[in-house]
Amino acid sequence: MSSDVVVAIDGPAGTGKSSVSKGLARALGARYLDTGGMYRMVTLAVLRAGIDPADAEAVGRAAQAVRMSVDYHPDGDRYFLGGEDVSTEIRGDKVTAAVSAVSSVPAVRTRLVGLQREMASGPGSIVVEGRDIGTVVLPDAPVKIFLTASAETRARRRNDQNVAAGLADDYEAVLADVRRRDHLDSTRRVSPLRAAPDAVVVDTSDMTEAQVIDHLRDLVRQRSEVAR
């Protein structure tokens, strides 16, 4: 690209946010930051310590003590908790079930937002993915995108992924979990999930991954006057 640009991408799980954000970063020749993985690392640390995710005070203390790092690579990011590679474990069901509760703790968000801003301020263009990037983490980002899709579409996608991974085929259970997480994320007191007023909202329900990436690349060009 001819100049540096910061792209903030928000939205609920199941919108294709992660794969699209990575694809867009590749298309733009930009760095990529998955903030959700950072919340998952804190959640894993909380669970390993035997802390109840609903105990906000204890969760906050754990967040302050945790040591984490992320190595970003085109072929797959690696997440390290205290030097241990936990890239696979943070995607497990136990972490998934607890991450919304842990993420809602103000002390957790305060610590991670600071780290995310530091990471995003580095040289070069960057695509930052999360749930409060355009509203809280990088409110001055020149390009803000909010991906959305119906709960049913997102549940179907996640259930298909589960089946492909050899897990149980249980669409109704997945749909219930999607709706539960949506409620938690949109009603939490600190940094609720919502589109920034100046974000471009893109419904991915009837779009392929490639179509979404192409559309977002065009949006970036329009908003930042950046061309490949």
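Positions of Cβ are set from backbone N, Cα and C atoms, glycine also.
The ATP binding site annotation in Swiss-Prot covers Gly11, Pro12, Ala13, Gly14, Thr15, Gly16, Lys17, Ser18, Ser19.
Positions of Swiss-Prot features highlighted on the structure.
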residue : record           : CB count, 10 Å
Gly11   : ATP binding site : 26
Ala13   : ATP binding site : 23
Thr15   : ATP binding site : 24
Lys17   : ATP binding site : 25
Ser19   : ATP binding site : 12
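Taking the centre of the Cβ atoms of Gly11, Pro12, Ala13, Gly14, Thr15, Gly16, Lys17, Ser18, Ser19 as the ATP site, the nearby residues of that chain (Cβ within 8 Å, site residues left out) are Val20, Leu147, Ala149, Arg154, Thr204.
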